[in-house]
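J.: Feature table excerpt (TrEMBL):
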{"type": "BINDING", "residues": "Q200, Y229, E251, N299", "note": "S-adenosyl-L-methionine binding site"}
{"type": "ACT_SITE", "residues": "C326", "note": "active site"}
{"type": "ACT_SITE", "residues": "C326", "note": "active site, nucleophile"}
Amino acid sequence: MPTPYDIQLAQRQKVACELLATLPQASEMKWLHAAASVPEHYRSKAKFAVGGSAEHPTLGITGSAPSYAGVDLPHCIAHTEVIASTIEPLKAFIRELHLEPYDIARRRGELKHILVTQGSDDALMIRFVMRSKRDLALLRSKLSLLYSLIPTAQVVTVNILPAHAALVEGDEEIVISEQQTLPMLVGDVELHLGPRSFSQTNTGVASQLYRQVASWAQQGGASSLWDLYCGVGGFALHAARGGVERVSGVEISPEAIASARETSEELGVSERVSLVASDAQEWAFAQDRDHYPEAIVVNPPRRGIGTELAQWINQSDIPTVIYSSCYPKSLVSDLRLMNSYRLTEARLFDMFPHTNHMECAVLLTKIA
């Protein structure tokens, strides 16, 4: 590691501070201490490109042109030790079933990727990304072998990616295990992840993020809250657990909403939490002004919330806004359109040590 982690973290904090300092409404903003990660073994998700042959498979990354030969990564320091421990058993499984790795240069073969996610108590979700359904019956018939090789495997799926394209997964997912979702304790709530559900790769830092957002919601005394882009319900359910009386979570993925509802039932908050599968912006625009909440959380993809939603929030008179961003440049662009709010507090969440990636969350309050 050429640069010590604490220096890296300070550098990322400096960049984030300088970006947000360009906003006029940030003049009195307080930066909280950065949420640091463990510097190694922090990734609870792995995307292994499969290469080599059925007899000698590789699990790691795709090599360079023209061969695109697979490159083994048996000791990636980013992966948790639990995920790293699956590599050799997965290779043994490939050999036993004689699964043919996909050859990018020749456009032949079946097995393209193996995606592994670690949940609560080291439980695992394992997804085999295949070119076709040719080996689906074989994989079903050998589940017991996979469980014997990797006893903590709980959710197993086959994802179909027929296209010869630079994609990690396709649109069709077939769950072949009895268990459909993976429990994952993040912060104070055990969430349920479906195979296509988004989850943060750094569970430890994500826990700090969810707790911070819940704390901000409680700090403002909000009795009602909307969580737009809610995914499997991380922010919404932490807020409900923390005492917010009425919570609405909106997410375009029906699978994610089904998982969030499962968690809300387990927490005993389902009567106070409404979870809707819809486009977040369309849903917000359709609500009656009399039903606007006292706080709103937005956690958009990299592109940000965009002009329309930023302007709508700016004119909404919602007292508290919490914006969680995985790309500070789009965060700043959106906040320029929200000049009726003052930036009160901000915090950096270091999800990806040893990279330039930055995750920030900011607390905004309506200017009287």
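Backbone N, Cα and C atoms are what each Cβ position is placed from, and that goes for glycine too.
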J.: Do you know offhand how many angstrom separate Q200 (S-adenosyl-L-methionine binding site) and the residue listed as 'active site' by C-alpha?
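T.: It is 11 Å, counting Cα to Cα.
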J.: Please report how many Å separate the Cα atom of N299 (S-adenosyl-L-methionine binding site) from that of C326 (active site), as a whole number.
T.: 8
J.: What's the CA to CA span in angstrom from E251 (S-adenosyl-L-methionine binding site) over to C326 (active site)?
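T.: Roughly 17 Å, rounded to the nearest whole number.
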J.: Rounded to a whole angstrom, what is the largest C-alpha distance between any two of the residues Q200, Y229, E251, N299 that the record assigns to S-adenosyl-L-methionine?
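T.: The widest Cα-Cα gap among those binding residues is 16 Å.
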J.: For the residue listed as 'active site', what residues in its own chain, 6 or more apart in sequence, show a Cβ-Cβ distance under 8 Å?
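T.: Set apart from the residue listed as 'active site' by at least 6 residues yet with Cβ under 8 Å, we have P301, R302, M351, H357, E359.
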J.: List every residue in the same chain as Y229 (S-adenosyl-L-methionine binding site), at least 6 positions away in sequence, whose Cβ is under 8 Å from its Cβ.
T.: V250, E251, A280, V298, N299, P300, P301
J.: In the same chain, which residues outside the set Q200, Y229, E251, N299 have their CB within 8 A of the centroid of the CB atoms that define the S-adenosyl-L-methionine site?
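T.: Here the nearby residues are F198, D227, C230, G231, G234, F235, P300, S324.
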J.: What's the number of neighbouring CB atoms sitting within 10 A of the CB on Q200 (S-adenosyl-L-methionine binding site)?
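T.: For Q200 (S-adenosyl-L-methionine binding site), the 10 Å Cβ neighbour count is 21.
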